[in-house]
Amino acid sequence: MVASGIPALSLFLLMQGSVDGNGIQGFFYPWSCEGDVWDRESCGGQAAIENPNLCLRLRCCYRDGVCYHQRPDETMRRKHMWALGWTCGGLLFLISSICLFWWAKRRDMLHLPGFLKGKCDLSRTVSLLSKDRGTLSDKKTSAGSVPTSLPTEGNADVSGATEGEGTTEGGEETEGGEDED
């Protein structure tokens, strides 16, 4: 279980980091262009101001004709740490509960407590329900499931042969009706 959880978490961190282009460091220390432009330190000099592509290649921010350095984003960092903490905590809880149940099953400890053993007798409940269901089903078949108009024929086929097999319309047997060996 741990063997599958750690690579999954690593893959998540790797994918998150590759979105920013900063790698995993971008997950733990995210940078942002948010905030006031005028409080920031300029980036790339005059050439970056004149060429926005150069500014972005230097991994700086460009807004309103100003190229400036990014700042660490503390709110995003807190969100990332919160998500990482809950993911690791949930994974740890899942692994420990699986191990606990596995251990308890091996020790044959997964039984109902003594105070619940006598109170939950399902066999009696099921038998009572099945008796009630029998009378209910009899009522349903007599009322709803049998068609109201059945074709009545004078001679009913008692031998068990299907229609056209061994009998004629009048109920007489044909030559192929019985096998005589």
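Every residue number used here counts from 1 along the chain in the order it is shown.
Any Cβ shown, glycine's included, is placed from N, Cα and C.
For 142-152, the entry in Swiss-Prot reads compositional bias 'Polar residues'.
All protein chains shown were included, and the count of other CB atoms within 10 Å of the CB of CYS61 (disulfide bond) stands at 21. Marked as disulfide bond by Swiss-Prot: CYS33-CYS61 (among others).
When Cβ atoms from all protein chains are considered, those within 10 Å of CYS60 (disulfide bond) total 21, not counting its own. For CYS43-CYS60 (among others), the entry in Swiss-Prot reads disulfide bond, with the evidence type similarity to another entry.
Annotation note: CYS67 (disulfide bond) sits in a strand segment as assigned by DSSP. The disulfide bond annotation in Swiss-Prot covers CYS55-CYS67 (among others) and rests on similarity to another entry.
Look at Swiss-Prot and you will find 31-71 tagged as domain 'P-type'. Confidence for the domain 'P-type' (31-71), expressed as mean pLDDT, is 84.
Residues annotated as region 'Disordered' in Swiss-Prot: 135-181.
Among the features that Swiss-Prot reports, topological domain 'Extracellular' is placed at 22-81.
The topological domain 'Cytoplasmic' feature in Swiss-Prot is assigned to 103-181.
Among the features that Swiss-Prot reports, transmembrane segment is placed at 82-102.
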Notebook entry, point to check: Among the disulfide-bonded residues listed here, CYS55, CYS67, which has the most company in the form of other Cβ atoms within 10 Å of its Cβ?
Noted result: CYS67
Notebook entry, point to check: Which one, from the disulfide-bonded residues CYS33, CYS43, has the smallest tally of other C-beta atoms lying within 10 Å of its C-beta?
Noted result: CYS33
Check: How would DSSP class CYS60 (disulfide bond) in three states?
Finding: coil
Notebook entry, point to check: Expressed to the nearest Å, what is the distance separating CYS33 (disulfide bond) and CYS60 (disulfide bond) at their Cα atoms?
Noted result: 8
